[in-house]
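Just below is one structure, and these are the notes that go with it.
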Amino acid sequence: MAASCNLDVIGEDGGCALTGGWQPGAFERPYMGFDARLLSTNSSLCSELIFSAHLMQISPTPQPREQVDVCEDPDNDPPEPSCAQFVDAVADSLALDKLCLICRTIDLYRRQFGLSPQWIADYAMLCTKTLAAPPCAVATVVAAFEFVYLMDKHYLRRGKTTLVGAFARRVLTLVDIQRHFFLHVCFRTDGGVPRCAASGTAPAATAMAGLGMADKVQYSNYSFLVQSSTRAMLLTVADVPSGDDGALQAVPHGRHGAGRPADGGGGVFGPKQQSTVAALMSWKECAKMIDCSGSERRRPGATMTCCERARADDDEYERQLLSTENTYLGSADNQAEGGNDTHLKWGYADLTLLLLSQSSTWEASEKTSLASQSRRACVEEYWASHRTVLARDTAPRFARFVDADAVPDTATGPVLATTLKHVRSRGRTCAECVLCNLILTREHWLALRRFKRDVISYSSNNANLFDCISPVLSALSDANSEPLAGDCGVGGGGTCPEDSGRFLELMHAAGTEAIYKHLFCDPMCALVELQTNPSVLFSPIGPPPEPDEIELQKARLASENWFSGRVCAGLWALAFTFKTYQIFTPKPTACAAFIKDAGLLLRRHNLPLISLEHTLCNYV
């Protein structure tokens, strides 16, 4: 996997690609984690990750001659290419008893080269940033990019080894990245229940003692639930109905996929998915053991739930940001980005547009059409230029998908990068939320908070919140718009970030229903917002830190070995169960029981949402 260069990307001339495609000076700046400017250091890796986010189609295996109906018309058209076998191969990574390939990769480097203290410090920063980032498609791609960046930064010159090309060869997949950094979170040390103080530091005794057996068993049960849910939704992408092997029934799919949007009915669990059914049915017992608001795990003296603490921290961060906004925007950003590199600041928004246009958006525009065309062209060009190399150097379990009949499925979109990995749509909403991806940029995080306040305060009467979204969005589209409310809290007012229209473009592309779902209805979107820790994810407020300060911070993170989430795993168990039930509708009695129990858990966390019943039945 990470052996010498004969296992890495081979150039056109047959020589070793020892540079890995990195720009000169790519590894010179101190690593800070989730830095949008890093994407510009290796365009080849960006193309590779976009390619690896798409499914592969192959011709279905023909039936044995003795099974063919003798009366069948020999002139029938051959079956269309299918992604079913590829989906099955990818979904295998989400089994609980499969090795984490990211952990295995790190272990291979450790055994072959040793892990330097500098690498450990950088990796600790990456882990900290992913725990503070919103789980979304762009975050998954960024985590993959920066994982490769760190391995090459420390081992490309020293070991003449590069991870560039590993995702194209399917040695690693974006599903492995999601599992390691966002689903199971192999490096997490809090057992799924945030125990950190408001300052973000770990209790010394807890950090020293680590997790007990009971904590790890309970967290493994949670991990099985979320991985099984993700796997079940991924398997719905297979475009053939289930047979006697018990695979999931395919769901008519896609905003722009191979079928019409699905407006009713649910998927069907087959016999092989009965363990997933059992896990979903027992979600409440699973959540109870990893719920910060429950009697089993509430810490003595705790007065705030994880959600209340996260909201309080966000409010305080926004107050600090706005108190230094003029100085910060006038100097620090410009110093950090320097002249002609200002556009790199919006790299995550541009990546959102590229990945999600026409696969997770409803309102078409010239920019979304061009972005969708660019994504398809990127995938097709990468496949055309690397196909020969990949045919002789691809992971064995994916070797079938580089044969002569294999072709990337560009119509379905970057399914493997998305959080929920299905392509179903309902009520003008899609599996991947555009607004969740916007949160990765500080200015857009702030703009979304202001936008929500403007929607809530738009009318002093009892106007429907849904009806308030369009006029607020329309007012924001006017460059000379005035604040919509006199005083709607800190940072109130209808202002937009100066991002050359990126924020408005993506908000319009998402559509009113998707905005409404994200802001007020969907438990997954609500948790994504709360999980995002701006004081950790974004660069510090004020002047950029000195390189020595950055290195000291990373060393502290590595030595403390305290990696805690912001939202307790019990709420994530609820959210994943909710999203799975949107695709696989439970029976009425089970559905009513779930809505009741989910509502109680959300109320205990003081997390108000509009009508879980409506969201469950009308959105995805």
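Positions of Cβ are set from backbone N, Cα and C atoms, glycine also.
Now, the feature entries from Swiss-Prot:
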BINDING   Cys100, Cys103, His180, Cys186  Zn(2+) 1 binding site
BINDING   Cys306, Cys307, Cys568, His605  Zn(2+) 3 binding site
BINDING   Cys433, Cys436, His518, Cys525  Zn(2+) 2 binding site
REGION    100-186  region 'Zinc finger 1'
REGION    306-605  region 'Zinc finger 3'
REGION    433-525  region 'Zinc finger 2'
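This view paints the features noted in Swiss-Prot onto the structure.
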residue: Cys100; record: Zn(2+) 1 binding site; DSSP class: coil
residue: His180; record: Zn(2+) 1 binding site; DSSP class: helix
residue: Cys186; record: Zn(2+) 1 binding site; DSSP class: coil
residue: Cys306; record: Zn(2+) 3 binding site; DSSP class: helix
residue: Cys433; record: Zn(2+) 2 binding site; DSSP class: coil
residue: His518; record: Zn(2+) 2 binding site; DSSP class: helix
residue: Cys568; record: Zn(2+) 3 binding site; DSSP class: coil
residue: His605; record: Zn(2+) 3 binding site; DSSP class: coil
C-alpha spacing of Cys568 (Zn(2+) 3 binding site) relative to Cys103 (Zn(2+) 1 binding site), in angstrom:
23
Candidates Cys100, His180, Cys433, His518 (binding-site residues); nearest Cα to Cys568 (Zn(2+) 3 binding site) turns out to be His180
Could you check which of the binding-site residues Cys100, His180, Cys186, Cys433, Cys525 is the closest Cα neighbour of Cys307 (Zn(2+) 3 binding site)?
Cys525
When the binding-site residues Cys103, Cys306, Cys525, Cys568 are compared by other Cβ atoms within 10 Å, fewest goes to Cys103
Return the member of His180, Cys186, Cys433, His518, Cys525 nearest to Cys306 (Zn(2+) 3 binding site) in space, with distance defined Cα to Cα and candidates limited to these binding-site residues.
Cys525
Residue from Cys100, His180, Cys186 whose C-alpha is spatially nearest that of Cys436 (Zn(2+) 2 binding site), among the binding-site residues:
His180
Give the three-state DSSP assignment (helix, strand or coil) for Cys525 (Zn(2+) 2 binding site).
helix
Within 8 Å of the centroid of the Cβ atoms of Cys100, Cys103, His180, Cys186, which other residues of that chain place their own Cβ, given that this set defines the recorded Zn(2+) 1 site?
Leu101, Ile102, Arg104, Ile106, Asp176, Arg179, His184, Phe187
Consider the binding-site residues His518, Cys525, His605 and say which one has the Cα lying nearest the Cα of His180 (Zn(2+) 1 binding site).
Cys525
Centre the Cβ atoms of Cys433, Cys436, His518, Cys525, go out 8 Å, and tell me which other residues of that chain have a Cβ in range of the Zn(2+) 2 site.
Cys136, Val434, Leu435, Ala514, Lys517, Asp522, Met524, Val528, Glu529
What does the structure give for the C-alpha distance between His605 (Zn(2+) 3 binding site) and His518 (Zn(2+) 2 binding site)? Integer Å is fine.
18
Neighbourhood of the Zn(2+) 3 site (Cys306, Cys307, Cys568, His605): other residues with Cβ within 8 Å of the Cβ centroid, in order?
Pro194, Asp291, Cys292, Ser293, Thr305, Glu308, Arg309, Ala310, Leu530, Val567, Gly570, Leu571, Leu607
Write down the Cα-Cα distance for Cys186 (Zn(2+) 1 binding site) and Cys525 (Zn(2+) 2 binding site), rounded and given in Å.
23
Here the 10 Å Cβ neighbour count for Cys436 (Zn(2+) 2 binding site) comes out at 26
